[in-house]
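To keep things clear, I will list the structure first and then write my remarks on it.
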Amino acid sequence: MLLLTRSPTAWHRLSHLKPPVLPGTVGGQALHLRSWFLSRQGPAETGRQGQPQGPGLRTRLLITALFGAGLGGAWLALRAEKERLQQQKRIEALRQAAVGQGDFHLLDHKGQARRKADFRGQWVLMYFGFTHCPDICPDELEKLVQVVRQLEAEPGLPPVQPVFITVDPERDDVEAMARYVQDFHPRLLGLTGSTEQIAQATHSYRVYYSAGPKDEDQDYIVDHSITIYLLNPDGLFTDYYGRSRSAEQISDSVRQHMATFRSVLS
């Protein structure tokens with residue numbers, strides 16, 4: 001009843017009052033805008049369950065794994081091809097060096113005459129040394145026969161013939177070689193011969209050796225190159241291994257040569 005007593009001026013002021021504004025709205029229009037905005041949204045925009053679904057996590061992981069496997073396989077194939085080409089180039093370079101060409105005529109530790117042609121059809125690991133060698137020759141021969149044993153233990157691989165050729169024919173006769181080789185491997189073949197025959201064999205394989213001065217007991221040391229040679233079944237020099245190469249490294253190399261060998265005589 002109080003409002004009825006108001007003057008016309010008061011009524012005019014009341015007509016110009018603005019409606020209450022909600023907190024956080026602009027000009028009281030926020031509620032209207034929110035209703036309009038929600039009305040324009042589709043199901044994909046109003047909640048995660050309605051969003052368009054791409055590939056699942058498991059699918060993405062599978063695609064990534066397949067892609068990685070493909071890259072890994074391609075890399076391994078390229079590396080294998082690179083190693084094959086490097087090995088082929090090495091073999092060609094060694095053949096051009098004319099190492100191990102020609103024949104030799106020696107006696108084995110049983111007194112039987114031997115020629116290089118006798119080993120045709122076999123893989124051969126060959127080392128030049130002497131029986132009075134204090135440490136290097138025993139170490140290298142032990143490494144050589146370790147390679148032979150490792151390859152013997154693998155079914156399907158052809159046998160490897162170990163051979164030891166002396167560079168000291170003055171002291172290493174047939175009997176001395178027989179006593180020496182029995183300490184390493186039952187199939188290790190010791191070869192000796194005359195001074196001229198040994199000189200021919202060592203020259204063919206580019207082996208350096210030189211007997212030192214004799215002491216008061218007529219003992220002496222022979223300085224010589226330290227190399228293990230690999231011959232393929234064609235009797236051709238295929239590779240060599242210095243003192244720094246381990247038995248495992250030599251075994252791996254021999255396996256690779258066996259896998260890629262193609263006879264040039266058949």
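For all residues, glycine too, the Cβ spot is worked out from N, Cα and C.
TrEMBL has this to say about the protein:
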DOMAIN    85-259  domain 'Thioredoxin'
DISULFID  Cys133-Cys137  disulfide bond
BINDING   Cys133, Cys137, His224  Cu cation binding site
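Structure with TrEMBL features highlighted.
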{"residue": "Cys133", "record": "disulfide bond", "Cβ within 10 Å": "19"}
{"residue": "Cys137", "record": "disulfide bond", "Cβ within 10 Å": "22"}
{"residue": "His224", "record": "Cu cation binding site", "Cβ within 10 Å": "21"}
* To do: Rounded to the nearest Å, what's the C-alpha distance separating His224 (Cu cation binding site) and Cys133 (disulfide bond)? Just drop the number here, would you?
  => 10
* To do: For the recorded Cu cation site, whose residues are Cys133, Cys137, His224, find every other residue on that chain with a C-beta no more than 8 angstroms from the centre of their C-beta atoms, and list them by sequence position.
  => Phe128, Gly129, Phe130, Ile136, Glu140, Val167, Val222, Ile226
